[in-house]
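Asks: My structure is below; once you've seen it, I'll send some questions.
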Amino acid sequence: STLCVQGDWVWLDSGAGVPIGARVKVTEGGQYLLVDDEGKLSQVEEGSIRVMHPTSVEGVEDMIRLGDLNEAGLLRNLLVRHRQGNIYTYTGSVLVAVNPYKELPIYTSEQVRLYHDRRLGELPPHVFAIADACYFNMRRHRKDQCCIISGESGAGKTESTKLVLQFLAAVSGQHSWIEQQILEANPILEAFGNAKTIRNDNSSRFGKYVEIFFNKDGVIEGARLEQYLLEKSRVCHQAKEERNYHIFYCMLAGITTDQKKTLCLGDASEFSYLKGGHCIVCDGRDDAKDYTRIRQALKILTFTEIHCWEILKLLAALLHLGNVCFEGRSFSECSSHVLCACSLQVQPTALAVSLTYRSFMTNRELVSKPLSSEQAINSRDAFVKAIYGKLFIWIVGKINSAIYKMSTSDPKYVRNSIGLLDIFGFENFASNSFEQLCINFANEQLQQFFVSHVFKLEQEEYNKENIAWKNISFEDNTQTLDLLAVKPLNVLALIDEESHFPKGTDVTMLNKMNQVPRKGNIYIPSKNTHDMEFGIRHFAGEVYYDSRGFLEKNRDALSSDIIKLINTSTNKLLQQIFEKELTNNVLPAGLWIKQISTLSGQFRQSLDSLMKALYICQPFFIRCFKPNDDKQSMVFDRDLCMRQLHYSGMMDTIRIRKLGYPIRHTFQQFLQRYRVLLKTTVCDPQTPRIGLRNAAWYCSTSSGFPPFSISFEQLLHGLERLQSKIRGRLTRQRYLKEQAAVVTVQSHVRGYLARKSYSRKKVTVTVLQAHTGAMQARKVTNKIRTGVLSRSSPQAAARPEPVDEQEMVETMFDFLPDRVAVGGQEGPAPEDPKPAPKPAPELVELPEAEYNDEDKEFSFVTFSALHFQGTATHSHIDQRLRQPLLHHEDEGDSLACLTVWWIILRFMGDIAEPKHINQEPSTQIQKNLGNRQNRRLSNIVESNILIGEGRTLDRPMSDLEKLHTIVGYALSRRDIRDEIYCQIIKQLVNNKNQKSSLRGWVLLSVCLGIFPPTELLMQYLESFLRAGPSSYGPYCAERLRRTVANGERGEPPCWIELQAVKTKKTTVVSVALMNGSSISLPLDSAGTSAELCQALAEKVHIKDTYGFSLYIGFYEKVWSLGSGRKHVMDAISQCEQEMRRKGEEEQHAPWRLYFRKELFSPWHDSSIDAVSTDLIYRQIIRGLKSKEYYSEKVRRTFQQYTTYDSNAKKVVEECITTELIETKSLGKWIEMVTTAHTQSKDSVMGNAVDYARQKWPIFFSKFYEVTQMSGPPLQKSSFIVAINWNGISFQDEKEKKLLELSYPEVTGVHKSRGQFLLQCEDAAEMADLIQGYLEGLRERSVYAVALQDVSKQDDPTFLSYKRGDVLVMAKNGEYSTDRGWIEGTSERTGATGAVSMDTVLVLPTLDKPSDAILVGRFYAQTHEWSGVLSDQLSYQDISHYTSFSSPQLFFVVTCRQPGKEGGRGRQDRGASKEKLWAATKEPIKQPLLSALQKRVPLSLTLPSPIMKYMGDYPIKHVRQPIELTDQIFGAAMQHVTLQDEVYLGLPTWAHDACCILREMTIMTLISVDYGWQLLWLCTGLFPPSHSLLKYTQRFLESRPREPLATDCLQRIQMLLSMEPRKLPPHQVEVDAIQQNSSQIFHKIHFPNDVTEIFEVSSTTRIRDLVRNIAYKLILNSADGYGLSMKTPDKVVSLNDQDYFFDSLRQTTNQPKKGLCVTGTPVTMPYLVIFMRKLWFNVTPGRDLTADLTFHFPQELPKYLRGFHTCTKEEMISLAGLLFRVKVDTDRSQFVMIPRMLKELVPVDGLKTMSPEDWKKQAGITLDEAKVAFLKAICQWPTFGCAFFEVKQTSEPSYPGVIRIAVSKQGVHFIDPKTKELLVMHPFSRITNWSSGTTYFHMTIGNLVKGNTFLCETSAGHKMDDLLSSYVSMYEMQRQAVRPRNNSMFPT
């Protein structure tokens, strides 16, 4: 039982199954007198009522929060809120909307702004809140949304859909024409798809899905409509009190009399199809006004007048066809069928026959059979329904064509959508037919979708709260869906199957359905064989369907006679809507022509696509309820609403919620409800105690239970016992868990302590052992020293002895001889020399101060603190390391570091040498080390010395061995070099031992000459050397500088190098010349062959140094060191190692250096440099004598100048070998020499050199050992490549030629690709040599071959030639080769003219090549993309990989594979990926970026304009730069994917590249300047993509000397925080940069005819420029001002948010079609005007500058045009002021007043004025007169208005032409003739507006019943802009005073 008091709310059993709310009125003797929600009195007993939860008393906004979460709670909550006037209620995220059946003031624009950008639930429930949630989620999550709006007919689905659409259009904020077109689709769809029913005056008789598309900025850019299951039967039959579709009644009420006459139409009561429901007039609807609205909508949606007339004709035909009568089996002659035939444009007879006869095919003939009157009526109705249904589909398609925009394939194009599903709700009538089955099937699908979504939300709620819960199992409607459409033999499938049988009937269909065995009780079969009904248990209840007419409705077919009739019609619209049927009409006559499928099949297909679309969206639901069937406000039918609750699926939401945790409170709600249980008023959630007395009282009085019968003390005792039990159990459980945890922790701790104790003991024992041994050693040492110390003075013992540096160094390098001759001199090993007397020893003392450089920027102390491992410090120690100083990933490196440390300690003397072991002495060890054949010491160290304390190193070693070991490790392991330097420096820091420190500096100096440190240590090492001692610091710093400059060494130090370290002096080497002389040159450890060659050339004055190289000879071997970066000391070290290998002393190595000619250039000229020619000649003579050069024809080879025969004889004996002398007599040789003596000395030598160059190219070659990796097969894969001036030769080891190539045959040398892929150690040197020959020959060549046909017959300046022609180029300066042009002569035709270097291939040859070479080379070049090249060389460096920088790396990683030219087939084997970024003059055939392979036409529009802009392409007619920039940037501005393609082409400035970053490496200065201009323009339009950005920035940062590089970088950085430009550069931008100015100025005009210049940038927005102008003019405020552009035909206001130059381009350029901007841009003249746009806060006299500059010149024209209403007195006064302004103080102008009246008086007041009416206004200045004029007119209501005269047809009571004035108050409609104000609409009442090309549309009022105003005007864009500006201004002011919400909506 329940205890209630008077006034309590309870639940009372209503007898209908759902309790009703009631209130206790009287309580007497256990009886309650209740008043229920319907006002009825009831008297019940205590046990029959239940207390109502407080939340159900007053109602809640979200029914999820109801305490009574059941049917009764939901129903009463809706009732309570309905009575309160709240029609919207949430159920979670589901909105329940109850139709109020009256207008409510909750759909204004203010409500739109209120709900925009608010979280769901933050404000009271509203349909706008759901719409905003859809919009917010779409923009935030970039996911499509959908809103499913369902409910019964009359529940308000259509209105809710329109409201959501209106809200989305409003928050989109653009007021675009497409938005208005989407909104205007509703009136058309309602007219053709809505009708009056019993339940609803505007019932939608079809379902629709509207998908609105938004761009990435949330702006509507299109929509698409889908319609479902139009109720076509309504056209022919209507129920009682129902009407046909609205369009028929609107047409008859709205069309003109002439149109009615033409269509033969009358009143609606005259047509059978319109009076079937006995309801022609619908209360509350104005059919004539609706027709006007429909015609406006059709006009907005691009329906032409012809379209509208054709639609009217078809509708009229349907009405006439409905009046056709059929009597018996004959056609009743009447005028209706004739009128119908006229409208359908068919023959009346044919129409009659097609309706009354049916044709069918027998075995042999076509038979026609007359139809009965009933069959004829059915045939007519089917025809009518087909026409109307097809017409409706056509209209929907026409609407879609106007509002739907196809998405682009651009990957950066972002488009999301919000779908609105307005679909019929669940239906269960007294008689349900096929339409109800389809409708309920759709609702079953939606219900399953709804339930699964609600269940998903429930799971997310629990997961968000971290609530552990089990999965809820709930029943859905899967079985029903299986029965209807999923399982085999489902209901719809059986209906379709029977529909395809010609003899199938409804009875046979029902029998099949009843006979199918089914599980469960979902299907309810017929009761008997005569019963035509079957039932289905839906989620909303049982529904019984009458199967009669199922098959006919499902077939939805027309007879072939009707199709033939349509085919004969001349009505274009009729044939258009039946186009598919006419196309498919190929079956024999008499058969039914089916559509694509049955009606159910079509519906299922549409429904399936709809469900797929819904499942990928985030859904929102709006459940529309109607409170009663009588359409009365404030009436709530409980039974009807309860049924709708079931139908809507809301109970499933409650059921799922109750399966989990149904009661939920926020903390604040919980606290407010249960705070009474607290003892104190302090509501601290952390306080654990609770007042038990209050709890007991609360439980006994407020919980709904009767009072307790026990005392409070008993209750307290019981609660204490309960608490003790629970606490005890919890404590026990906690204790057991803690006990287990403690045991686990103890076991681990004890194990750890035991291990730690053992380790400590082990270390202690080791230390004790070490100290014990050390103590014993010290005792022995002390005994030995006792005698020495006793004999020394105390002073000597206290002071360390100075170090004799020379003596110690001599001791250290005792393995070096006392004197070493100049390096490189030949001869036997010297005998032991007598020791030279040593100079007196020089005692030096190294500084002992503590090393502390912590204050320095690169302190070694800081380095050690940052990078040293463990506890290692920066200072000296004398013990072994346990781990390396630095961290090393490789374990071998770590062990090597420890070994090196050990050797360094021994070298510096910090630890003693190991004891001798049984092995050979040190010298023998050196011999053993030298016995390894041809191995470097660095490799020997790594492979044969044990890492660590191996047996090989654990022996006494000489200082030389230690040096070689340390250096060997550094050379073999690059990663430990920093470690070695750190170890040496560490031992030098704070080293107290002078000898150790000195040896450390010597070791450091040796290492610095061999290998450099890494960048990590470099600056710290340099800082350490600067702080070093003066005797070694500068010396070491210089060695480091040289090593860093010339690179690391490859071999250990040689003897002469160590000698230089010993003396700290530069080594001097002798280089032998071929004339017998020698030159001594200085050489240090880092010296290279290039440095020696350069020094020698300068010393002997050689001018032509090309091809001279340094050679080294060793015994009989001589090899070239070249003239590059090879280290000379490495070659000497190799000679010494070879001596060691032979077991001899290294210092006796008989090496020698030579200076010889190694290579000739193809363009060698012996007459240029006599010195070099002499040396070459001497080299040839010596080669002949030594048989290095050999030839039978040697007579001209040894022509030497001589005077006497004896000299000739000497020449013969010195130059000619004995074998040659024996072949001829000595006298014969002397005679030949004497004969040659007649030539001059220089010519003889030159001829000899030229002869040797021509005949013996192989003797003057560079040789490389290579291995062929790929390419055409040769006899051997490993061979020698010989490169000389004549070509390239592949030879084997026996000098047999495998292949020989001349340079014209070589197309190029590349990395990793080509016909021959060769592997070589000196790959880079080899490639550079070949490339140098090719480039040098091309520079000097005059031969070229044409790559393409060039026909210039119309211009004699150009040379015409065909592909393959040989051209001889004349380098006479006639044309500028810098711009890519040269004069050429065709050998085929002999003609001469200008030749573009881009169209020819310059051959690398000085002589005309043979025809065979020309043919092969031409084929290779012109078919480069096919992969068939002539002999090409490629190389791959095995020692390193080439590193790319900035854009090059981006090309390698991102760009397409090279050689894939468009449509050419095979890939170019000679191309390389690196080639893509290099400059080229060949037009590309494919885009650079691989992502653009499918968009080749777009990307290839760029090359030619870039070439032309940069001057690399001949322009026959001068073209404007703006035209070229439009072509370059136009496509990229429209297609984002092309923007990186543009960037990639400009930085390398190629002649033809389609992109900017590709064009900068080899271009001329002028072209580069133009390229920088393009890049500057590009960086002001759009930034590179994220993947290209860092490379572009690196590219710009690497060119600091370029004037525009920094500016480009800044422009990119600015664009990164802004959106990119939308249009190519403006003419002003291009003109500025062409004048080399990065500053842009533009002229701005003011209304007072004054102009000023203002600076703007490429990214200046309109608002920024407005503020800048206002600041410069010293205006009080920039608010209300704007920029406008005046062109010859219009004045356009510029949007504040747009970029300035984009606005100029958009307005002044004529529109261009196509993907990119092409053709000559037509830029019309324009003026940029700064003027006042919004007239608010304008008070004349307050801002004089604004009054004189803007207000007066802008208002004066409006006044003179007569737009204002004023009296004659006001006109007289104002005319005097204006006259004062015109003439100032010149009284002589009074006579001119009659001629000046038009400038003084409004145009409509001229007739009322006379010249004598004013002659005053004297005594004031001109400016005062202007201000006085403004003060006078500012009192008028039209002051500051913008006036527009428009044509309108929307409002019949208004004139056809009205004047619209827009001001700060709103929009005024004025009669232009009387100047009478018709109406004024404030901005708050204008809910929507938009403008088209010639239209302006405005919606006034709320979003439900607002009035629509449509007018024709060409100034619609100005009106649109003004309204948007004023509304935005007021919204900003409103936001300024209203506190901002905490929304996370993106801005």
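Using the three backbone atoms N, Cα and C, a Cβ is placed for every residue, glycine included.
Remember, TrEMBL labels are computer predictions, not curated facts.
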Asks: Which stretch does TrEMBL mark as region 'Actin-binding', out of 331-353, 607-629, 1527-1549?
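Replies: Based on what TrEMBL states, region 'Actin-binding' spans 607-629.
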Asks: Between the candidate ranges 461-480, 501-520, 821-840, 1421-1440, where does TrEMBL place the region 'Disordered' annotation?
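Replies: Checking TrEMBL against the ranges 461-480, 501-520, 821-840, 1421-1440, the region 'Disordered' one is 821-840.
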Asks: Relative to the mean position of the Cβ atoms of Gly151, Glu152, Ser153, Gly154, Ala155, Gly156, Lys157, Thr158, the recorded ATP site, which additional same-chain residues have Cβ within 8 Å?
Replies: Asn99, Asn200, Ser203, Ser204, Gly425, Cys624, Lys626
Asks: Of Gly151, Gly154, which of the binding-site residues has the most Cβ neighbours inside 10 Å?
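Replies: Ranked by Cβ atoms within 10 Å, first place goes to Gly151.
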Asks: Near Glu152 (ATP binding site), which residues of its chain come within a Cβ-Cβ distance under 8 Å, counting only those 6 or more away in sequence?
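Replies: The answer is Arg199, Gly425, Phe426, Glu427, Cys624, Phe625, Lys626, Gln644, Tyr647.
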Asks: Enumerate same-chain residues with a sequence separation of six or more from Ser153 (ATP binding site) and a Cβ-Cβ distance below 8 A; give 'none' if the list is empty.
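Replies: Counting only residues 6 or more apart in sequence, the Cβ neighbours of Ser153 (ATP binding site) under 8 Å are Thr197, Arg199, Asn200, Ser203, Ser204, Phe424, Gly425.
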Asks: Averaging the per-residue pLDDT over the domain 'MyTH4' (1479-1634), what integer do you get?
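Replies: Mean pLDDT for the domain 'MyTH4' (1479-1634): 73.
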Asks: Far apart in sequence but close in space: which same-chain residues, 6 or more away, have a Cβ under 8 Å from Thr158 (ATP binding site)?
Replies: Glu190, Asn194, Asn202, Ser204, Asp422
Asks: When DSSP states are grouped into helix, strand and coil, how many residues of the region 'Actin-binding' (607-629) land in each?
Replies: 9 helix, 8 strand, 6 coil
Asks: Counting only residues 6+ away in sequence within the same chain, which have a CB under 8 Å from the CB of Gly156 (ATP binding site)?
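Replies: Long-range Cβ contacts: Ala97, Asn99, Cys624, Lys626.
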Asks: Say we define neighbours as other CB atoms within 10 Å of the CB. Which of the binding-site residues Ala155, Lys157 has the fewest?
Replies: Ala155
